[in-house]
Amino acid sequence: MNPDYHYLFKLLLIGDSGVGKSCLLLRFADDTYSESFISTIGVDFKIRTIELNGKTIKLQIWDTAGQERFRTITSSYYRGAHGIIVVYDVTDKLTFENVRQWLQEIDRFACENVNKLLVGNKSDLVAKKVVDFNTAKAFADSLQIPFLETSAKQSTNVEQAFMTMATEIKNRLTASQPTQTVDKNKVVPGSSAPISPKSGCC
């Protein structure tokens, strides 16, 4: 039986508590937004299927808690991730400064070749913005990772952020698979096996 998708990508949303990770996930997966803030406890995930260059891609997006006390819980979810979106709040400089710490978490727990994306959320709060776009862009460029500013509230660049990540992952996997050789740790065309949170590197 043929699966209803060509690829299954596991994505993670990480970053300090309160930067809007859950809001980004809800906006992308369900096209909803809530002003009320409830901290994520541990992890949660949603699935959305997209079309990209004629291929059907199922995105399994994990929303992780930003609080320190959940780090040991969420660290296991880095393994097997194809892409990780690091989110900060453009109105909170500390959350941007802590991006380096989150990147260290990725280096420690995730696969070496995992795709990364830097996202500055809450771009609609122009009057409260303290992290300059060019500063964040220069930082991302120095790490050779894509960067976007988003607004989950206004749905600005949210779709583009996840599509950018999916495109980057697909390009990497396609480039690393010139043949149809199946690697159990990679998601290849026609693969219907679900991704385990404890699976190996991709």
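Just so you know, glycine gets a Cβ as well, placed from its N, Cα and C.
Looking up the ranges 19-27, 37-45, 109-117 in Swiss-Prot, the one annotated as motif 'Effector region' turns out to be 37-45. Under the DSSP three-state reduction, K153 (GTP binding site) is assigned to coil, being neither helix nor strand.
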